[in-house]
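Chemist: A single structure is presented below for examination.
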């Protein structure tokens, strides 16, 4: 039985009318299936005219907005949910029939892809931190070495956009990618079980999204559910919590120590730290644009995944320096004051901030100091893991936001402010040439900003503002 046979004449409900939900809508419509789209928001579209346009363009879709429709959900045979919807806290789980199939868009893609004569190959990446950097680096390497790759999932375009009606059943898609590089969040993994990836990696694990997953053990199990869905597991030797439940045919590891055969690591050669594949020297980390040991791990994870897919190791290594990183991830901010300003606004959890500090402190020279700006919405995280590093490696802590006071309590001399602009102004008064000011909040941005991107942009603007306009 093909996936389409299983979907025919079924009550299908798409939960959420955001980017993911609308990609599901377009795909189901292209297969000539009838379905409903349910969103608790009264108006998920930009305006009524846009909603009317969708209703006209997709006549087999029933749109129900303003609440989670009990009668619709309780009679569903198949529910396709958007990853941002918490089925438990929204009260949806209690409405779902016992035999209802609950999946996400990535699972739907995999069901379709698996049924094709020539399925698209997949590389999958998850983890608390660094996954966007790793998949973007993989995509950059693929382009440089001539591999036709698509970036999808939690980054890039919705994964169902890779499929089209006229070629779902064909052995080849029009402009079919050689490989799909998919970034997966824990929310997407909750509804994913049918992926057949060449290789997958859980980069690291730290407290995150515990407001939804409740316990670290549950979060860990969800993340590691990626491994049974891959032939090769790419695991970090630096983060045991990320690989305790590995179930794969083959394992390739990466870490900061000297590697074993067919694994990746670092070794000191002629007073330089060199990236190694077994006994083979690849490149000195000094030659790479992304600083810090956490980024060395990201580079090695990408190389291991690409190697798993059969890509030339020498060709990948030659092109590592061409990837300049992503905005808001340990991004250097240009300034005229000879202070090192680092925008790490994407550090929305404790683990990301720990990684940033641990990776950047070794780059400071002499008596140069590290000033950290942190705080925001911690989403119920335990900040105690920051205590040692804040007291040993951070010379001045500046906090703000909903949970700023809790972070400030971990040291004796923190400065607490109300706005990010004030935080930058305080840092400007303290920092001297050569010092580093790091925005790495260890928290989400939703208490003060629309998203982490806006937070990072406001940090950059405040850093680059002239002295007189900052007061």
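Using the three backbone atoms N, Cα and C, a Cβ is placed for every residue, glycine included.
What Swiss-Prot lists as ATP binding site is 127, 128, 129, 130, 131, 132, 133.
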Chemist: So which other residues, same chain and not among 127, 128, 129, 130, 131, 132, 133, have a Cβ within 8 Å of the centroid of the Cβ atoms at the ATP site?
Modeler: 125, 134, 203, 204, 298, 352
Chemist: Name the residue among the binding-site residues 128, 129, 132, 133 whose Cβ has the smallest number of other Cβ atoms within 10 Å.
Modeler: 132
Chemist: Secondary structure at residue 130 (ATP binding site) (DSSP, helix/strand/coil)?
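Modeler: DSSP call for residue 130 (ATP binding site): coil, neither helix nor strand.
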Chemist: Which is it, of 127, 131: the one of these binding-site residues whose Cβ has the most other Cβ atoms within 10 Å?
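Modeler: In terms of Cβ crowding, the pick is 127.
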Chemist: Please list, in sequence order, the residues in the chain of residue 130 (ATP binding site) that are at least six apart in sequence and whose C-beta is under 8 Å away from its C-beta.
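Modeler: Once residues fewer than 6 apart are set aside, residue 130 (ATP binding site) is near 203, 204, 294, 297, 298, 301, 355.
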